[in-house]
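Visitor: Copying in the features that TrEMBL gives for the protein in this structure:
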ACT_SITE  Asp9  active site, nucleophile
BINDING   Asp9, Asp11, Asp171  Mg(2+) binding site
Amino acid sequence: MQDLYVLFDLDGTLVDSAPDLHGALNHSLTRAGRDLIDIAQVRHMVGQGARVLLERGLTATGGMPSAEIFEELVEEFFDYYEDHLIDHSVPYEGVVTSLELFKKAGVTMGVCTNKPMRFAVPLLQQMGLSKFFTATTGGDSFEVRKPDAGHINGTLEEMNFTKGTALMVGDSDSDISAARNAGIPSIAVTFGYTEIPVSDLNPTHIIDHFDELYPLVTKITRS
Ligand SMILES: O=C(O)COP(=O)(O)O
Ligand SMILES: [Mg+2]
């Protein structure tokens with residue numbers, strides 16, 4: 001599988017990062033004098049990066065504060081989250097085995113996440129996952145981010161993609177739409193953070209567990 005390039009979304013796809021995003025969000029909400037929110041709500045708020053997560057959390061607990069206070073809360077959220085990236089977050093079951101299989105098969109892998117680089121890079125490092133990826137790009141790496149095709153194309157460029165097959169694996173609308181916009185097949189995971197069933201997003205393929213990924217990709221590349 002030398003000519004294969006696989007892009008992975010991070011939050012809700014490779015890593016169940018919601019517990020620590022939940023902790024950081026509630027830290028900020030407490031500072032803002034708001035009620036705490038539960039983790040089930042937070043799972044559906046993840047997908048457009050940390051700023052949007054905080055915006056959604058504030059909106060759900062009384063509305064947006066002034067721009068000045070919001071910026072202060074963003075800074076506090078960022079500082080707190082930076083120190084608690086993997087307190088409770090874990091790779092989904094089967095992720096490490098699957099990445100090892102791809103690596104052995106000579107597949108080039110990259111991470112294409114809307115998470116800011118300030119968090120995406122250390123999170124992958126601290127989890128011991130960095131070694132699998134040729135490139136990591138975040139929501140702030142380019143002028144555009146998922147669902148814009150530019151995010152996928154920019155990541156593939158960093159992976160030195162010139163010919164072959166590229167695939168996007170993700171959990172949310174922004175991943176599946178970005179793949180569609182970039183003209184590459186998508187594989188949706190059903191265990192991520194999207195509120196609606198992933199089949200409604202019309203991905204090219206669907207998996208319920210990471211163990212299904214390697215056999216599926218082998219089949220796709222053979223057909
Ligand atoms: O952190 C987010 O909001 C989104 O991150 P993801 O693109 O890796 O799902
Ligand atoms: Mg995601």
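Glycine is treated like the rest: Cβ placed from N, Cα and C.
TrEMBL labels come from automatic prediction, so no person has curated them.
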Visitor: Per DSSP, Asp11 (Mg(2+) binding site) is which: helix, strand or coil?
Guide: strand
Visitor: Taking only same-chain residues 6+ apart in sequence, whose CB is under 8 Å from that of Asp171 (Mg(2+) binding site), what do you get?
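Guide: Result: Asp9, Asp11, Gly12, Thr13, Ala188, Val189, Phe191, Gly192, Tyr193, Thr194, Val198.
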Visitor: Please list, in sequence order, every residue of the chain apart from Asp9, Asp11, Asp171 whose Cβ lies within 8 Å of the Cβ centroid of the Mg(2+) site.
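Guide: Neighbours within 8 Å of the Cβ centroid, excluding Asp9, Asp11, Asp171: Leu10, Gly12, Thr13, Leu14, Val46, Gly47, Thr113, Gly170, Ser172, Asp175, Val189, Gly192, Tyr193.
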Visitor: Name the secondary structure element type, per DSSP in three states, that contains Asp171 (Mg(2+) binding site).
Guide: coil
